[in-house]
Number of protein chains: 2
Amino acid sequence: MEERQRVRRPGGRAARVGAAVHQAVTDLISERGYGKFTVGDVAARAGVADSSVYRRWGNLEALLTDVALTRLNARSPMPDTGSLAGDLHTYAANVAREITGPEGLALLRLAVALSGNGQQGRRALDDLLAERARHLQSMLDRAGERGERAPDALEVLDHVMAPMYIRVLFGLDPLTPEYVDGLVDRLL
Amino acid sequence: MEERQRVRRPGGRAARVGAAVHQAVTDLISERGYGKFTVGDVAARAGVADSSVYRRWGNLEALLTDVALTRLNARSPMPDTGSLAGDLHTYAANVAREITGPEGLALLRLAVALSGNGQQGRRALDDLLAERARHLQSMLDRAGERGERAPDALEVLDHVMAPMYIRVLFGLDPLTPEYVDGLVDRLL
């Protein structure tokens, strides 16, 4: 693995294959849903050989995990606006944008599916959540260092993230800016 | 359909088949996860012919929907303790118990999967949520009639149900009684 990565250049064939395969997975999850496609379907959609997918990712679960981790982590950079209120409002708006729309929803569903997917999926989801929690905590720590009274990361999860996730997962009312801001104001 | 139901007696063969098939679905979702089994697997596990399943439910999606609706609705009767605080604490504790453990978690995952499952799954989930919302609303209305200041049903969803659902779906900390009571106290 290390050996192979060392010779991969950004923009090279490996990167192109990686991007095409990731996009194919995201498209298939949006169109068919989790559990409704095979490695062969992904390879065909990405225009690569099945063996390329197996060689790089091993199996479908590992590939799905890689896609979920990469996409969900790339999407929500933590804001640093100088105030806790500013940071939380921006962060909540970013998350709302990320999980709205077919692609974001598909990734959120994938995260839920991973949690039920044996050791490997479970560990992948734990890693993803731990990385998110670390980022969120460092945002809250910055507020504490400025002398602001910051909530716990778990309070942010329970009362800002969870309502948005559930509304999107259950297809309830759209996440309007007023609604998202209201969740943050209520917490602060 | 009406014709067939009229001749079905409780405790008769149709009821036994129905119960066996529902249990088989719940077991398979717990063991393998959504999307990982077929009508044939369900029939084999329930000890009935594939054709019995197809005749009664039409297809796997319809069967999964029926199971989710029946189970999730049967499980959380709305309490009527005489006070809003008592009702909400009891209701939250019931929901926590229902979604904890492999079977409840499997059903919660199924609800999420249904939301991504085309028209039929979408409608089934909408029906389920609407029925739940009606029950919750009537509990809140009773509080209003007694002169208590009751929150909106959506506030209960956002700040009591959603945190519990997300913690269970993402496999985070267990739902202790203190945690569940704390969510209700915070809302009230």
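Backbone N, Cα and C define each Cβ position, glycine as well.
Keep in mind that TrEMBL annotations are predicted by a computer and have not been checked by a curator.
Some features that TrEMBL has for this protein:
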DNA_BIND  A:38-57  DNA-binding region
DOMAIN    A:15-75  domain 'HTH tetR-type'
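Within the model, the domain 'HTH tetR-type' (A:15-75) shows a mean pLDDT value of 85, rounded to a whole number. According to DSSP, the secondary structure content of the domain 'HTH tetR-type' (A:15-75) in residues is 50 helix, 0 strand, 11 coil.
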